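Per Swiss-Prot, the feature compositional bias 'Basic and acidic residues' maps to 506-517. According to Swiss-Prot, the region 'Disordered' annotation covers 506-538. If you look up Swiss-Prot, you'll see 1-24, 92-99, 144-164, 233-292, 367-371, 424-442, 505-538 marked as topological domain 'Cytoplasmic'. Taken from Swiss-Prot, the feature topological domain 'Extracellular' applies to 46-70, 186-211, 314-345, 393-402, 464-483. The transmembrane segment annotation in Swiss-Prot covers 25-45, 71-91, 100-120, 123-143, 165-185, 212-232, 293-313, 346-366, 372-392, 403-423, 443-463, 484-504.
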Amino acid sequence: MAKDQLQVLNALDVAKTQLYHFTAIVIAGMGFFTDAYDLFCISLVTKLLGRIYYFHEGAPKPGILPSGISAAVNGVAFIGTLSGQLFFGWLGDKLGRKKVYGMTLMLMVICSIACGLSFGKTANGVIATLCFFRFWLGFGIGGDYPLSATIMSEYANKKTRGAFIAAVFAMQGFGILAGGIVALIVSAGFKNAYPAPTYSAHGKDSTPPEADYVWRIIVMIGALPALLTYYWRMKMPETARYTALVAKNTVKAAADMSKVLNVEIEEDKATVEKIEENGNSFGLFSKEFLRRHGLHLLGTTSTWFLLDIAFYSQNLFQKDIFSKIGWIPPPETMNALDEVFRIARAQTLIALCSTVPGYWFTVAFIDKMGRFAIQLMGSFFMTVFMFALAIPYDHWTKKENRIGFVIMYSLTFFFANFGPNATTFVVPAEIFPARLRSTCHGISAAAGKAGAIVGAFGFLYAAQSTDPKKVDAGYPTGIGVKNALIVLGCVNFLGMLSTLLVPESKGKSLEEMSKENEGEEENYGTETKGENAQTVPV
């Protein structure tokens, strides 16, 4: 138990796992289900958008999105997410977690539907409308990151807190999987209802007019899970840690948690007064914050930034990589709906076999192995498998070796999710003071989305062939897939090194990790090494 801890917070820390824990996981997790669905489903339909809106009569290949437009469609939601993480992270500390939580969800619901209703007289007009609503969709999604993580960390007990926060994040895997399954069902249904020839046989006829409904339906379905959880989000009480430590209303915090835990909680007035007298109140831009948490914030931001460069590059452009190794046939040999079906099938298999299991391995082991060990291990194996793909890349492009490529590629996803993709979400929700927790998580997550933007825009160009004859229309020559994968391997290695800045929070209360109740004059530098300090001397 942390020094002079409030009874209500201690009650939460030692509470047995019970129904309200799982209720909180589902309520917060469905937001992440929607987040992942909305952010990743666009990669399933970008080739279809190109066929519908950028078809050129007589061209040897189907239409594709021009380079700048493709980058915008893929990247604009990330820019919105980054903005939302910073804004709602800050707002969650100012107004409270609960008050802001409903705003983010309604924004996600409204904008998911609006994306599917994108309109315009020209192709560019439709895409511009889509990008506008995807920005605001991302803005709402961004708010869900710091708020969901903070709420779950502040509700959880210290013994299984890591598993609970990771379980919320693991719903992202189901969101990615659901995006693929929905795309499979919708494209298969339309493909059977509206048969079409291949592009090489009949050009424009390979994209039936009804294909315009396919991408809209896929995009709009993302609103349903969020809409279903709105009522329950509004019924959740404010977290006790915000009410007691930030709003300074220990009586209300005790009353709220008495109902949740079904136990009587009474605060000792002397303890409350002592905490209020001895507690710290430094701000985000103070020297005291820099001294206590500066390296922690550097660690959480740098690891998340580097991870997302690689993670989102792989996720958003796996369809292009699979095409280049021949796992998905050339586009001219398929019709539009068949192409959506095959891309969705490939991404669903990857999600089912590696992405989803990786998340839940983290849930199972995070409170046994610890955050640091999982993050270091995951970063190490991501580096190993990425170089194993990149260096003998020509070997993997041969037809007889394609299955091996897919297996190796899947393993990089597995160790991303049984590794830094999960732990970078968990740790910032545990190591900062309550009054700055949501803000610092938002800053860390925004650094991650900055990495995603680098990946989404950079990899799109970098992976283009070095041979001008093999470059996609409208793109400059790049460094090729092989060299792009080598760069991602180097990024993973840097992520492994930056993990050394992240402290271990396994088995400790949030107040113990953040030194919430220690005065600003106390000697912060005398803490013991090991689990109570940095994972390594820095």
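Backbone N, Cα and C atoms are what each Cβ position is placed from, and that goes for glycine too.
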Cβ pairs under 8 Å between the transmembrane segment (71-91) and the transmembrane segment (443-463), at least three: yes
Within the topological domain 'Extracellular' (393-402), residues counted as helix, strand or coil by DSSP: 8 helix, 0 strand, 2 coil
Integer mean pLDDT for the topological domain 'Cytoplasmic' (233-292): 79
For the topological domain 'Extracellular' (186-211), residues assigned helix / strand / coil by DSSP: 17 helix, 0 strand, 9 coil
The transmembrane segment (293-313) vs the transmembrane segment (25-45): 3 or more CB pairs under 8 Å: no
Contact yes or no, the transmembrane segment (346-366) and the transmembrane segment (165-185), 3+ Cβ pairs under 8 Å, gap 6+: yes
Within-chain partners of the topological domain 'Extracellular' (186-211) [C-beta distance under 8 Å, separation at least 6 from its ends]: 48, 51-52, 55, 57-58, 61-62, 217-218, 331-338, 340-341, 344
The transmembrane segment (165-185) touching the transmembrane segment (123-143) per 3+ Cβ pairs under 8 Å rule: no
Of 25-45, 100-120, 165-185, 443-463, 484-504, whichever stretch has the most CB pairs under 8 A to the transmembrane segment (403-423): 165-185
